[in-house]
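Database features, via TrEMBL:
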DOMAIN    9-65  domain 'WHEP-TRS'
DOMAIN    43-436  domain 'Aminoacyl-transfer RNA synthetases class-II family profile'
BINDING   Asp137, Leu138, Thr139, Arg164, Gln180, Asp184, Arg338, Tyr342, Tyr343  L-histidine binding site
Amino acid sequence: MPEVLSAEARKVLQDEVTTLGNEIRVLKEQKTSPDLVKEKVAKMLELKKKLGEEQKPGKFVIKCPKGTRDYGPKEMAVREAVFGTIIESFKRHGAETIDTPVFELRDVLLSKYGEEGGKLVYNLEDQGGELLSMRYDLTVPFARYLAMNKISNIKRYHIAKVYRRDQPVMTRGRYREFYQCDFDIAGEYEKMLPEAECLKIVDEVLNKLDVGNFYIKVNHRVILDAMMSVSGVPKQQFKTVCSSIDKLDKEPWEKVEKELIDEKGLTKEVTQQLRRFVLFREEATDLDDIQTLDKMMEIEALRTNADFKKGTEELKVLFNFLSLYGVTSARFEPSLARGLDYYTGVIYEAVVEPSEEVRKTIAEGAAKENQDSGEASIEGQGLPTGVGSVAAGGRYDELVKGFSGKKDSVPCCGVSFGIERLFAIREAQLKCKDVPMRTVATEVYVASAQKNLLEERMKLCRSLWDSGVRTEMAYKRNPKLLDQIQNCEAKQIPLMLIVGERELQEGVVKLRYIKTREEQDIPLATLVESIREALLKA
């Protein structure tokens, strides 16, 4: 029998496990030698084994897996409201919806997400001879769906969970399991019109949700290619350099430049020239988007580059369309370099800047989640708490062709909302304002003032349910009237029907407005009509 550990010894072991776990995360982020990481992991597993020997049979830690969370009724009420706003916008713009499997053949997802994304795909064990992976996003499955069903024109939305084998940072809204809300337009159309509508939807949704200050960064992949070509970046390194440039919204240039030199093999001369282009807006803060593009065109090396000229012309058309749609939140950002392989044209990303109070509330909630799950969140320490990107997308004209094998592809353009981050903002805003949240949609609560009236309450409920009125009642045979009223107030149910002996004799029922506490008798013969009128006033 193993020696029973004292509480003090157990605490020491638990602290060692936590410390090792933090060290392993840091080593992975720094891309240290795999052998050193394996050594640390083996040591941590050995310590966990010692702790496990002390657990009684059937005992285990009850918690959510790392990078996931539960959602209670209040959280789900906020989530459904956010979903409702987004779906309403999608439908307003004429989209229809589809669904696809939560996992795909591994070959479908392979090599579609670039250098960084490819490392984050969850692979499943071999099942019946098929190599499968959890979907990383909804775009690649959509492209597979188009190719498989030979669809060349569709405007669709898709809301579903996706999975990423990432290091979760709750304080930044980064999870391993989360929802995406996608809107895509597939087909041949007037240049820049689909992009303009996608950006209009982003602007529309974020304004409707009242998330606070936000802006939409816009760039073009051929402009990125032109800047790298002119800077002297070898063509075969364009994609890998893009993945580094894409980190500029999280890390300073000095750190990105060090990665470009030490890991990507670029020279200081090349990185300095690249810096001049990707950080161009820092030198031209007083210029609008068109003026910035024109200013960059004054640089001879860019002016004579065909890719840069093409990208500039298309962005000017886009910004003109956005002006017609009343979108003022979009701005040209040459440092935006979406790290995915499949974008071929305009790319964009919406960033929210929550108030300091909202940031603090999000951080406190995330810290509690980390504590409840037993995880240390070293990634968020010393860094500004926020939610960052809440929507992103772009044009991907070649992705469908990769599945169909046909010469002609299906041009596509779309945008994806990160629902978890939008949800975190809305939840924090409501907490800051101390706004009570309804978790039920009940419109009428049927109550009784005396005993032995269960059957009468049931009859009223049936009548209202059959008429489409959201109704509930107490499940006790003889509930106290005060308890019923308090339950109604706690759930913020607007109306209460009270039945008693007098009401039964007179063929009426008492209607109570919960908010104002006003009461009136209404005839049972016109019950439903009276309730509908009362709901308009409540």
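In case you wondered, yes, glycine gets a Cβ from its N, Cα and C as well.
Keep in mind that this is a model prediction, so the values were computed, not measured.
Recorded features from TrEMBL, shown on the structure.
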residue: Asp137; record: L-histidine binding site; CB count, 10 Å: 19
residue: Thr139; record: L-histidine binding site; CB count, 10 Å: 26
residue: Gln180; record: L-histidine binding site; CB count, 10 Å: 20
residue: Arg338; record: L-histidine binding site; CB count, 10 Å: 22
residue: Tyr343; record: L-histidine binding site; CB count, 10 Å: 25
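Mean predicted confidence for the domain 'WHEP-TRS' (9-65): the pLDDT average there is 76. For the domain 'WHEP-TRS' (9-65), the DSSP counts in helix, strand and coil order read 40 helix, 0 strand, 17 coil.
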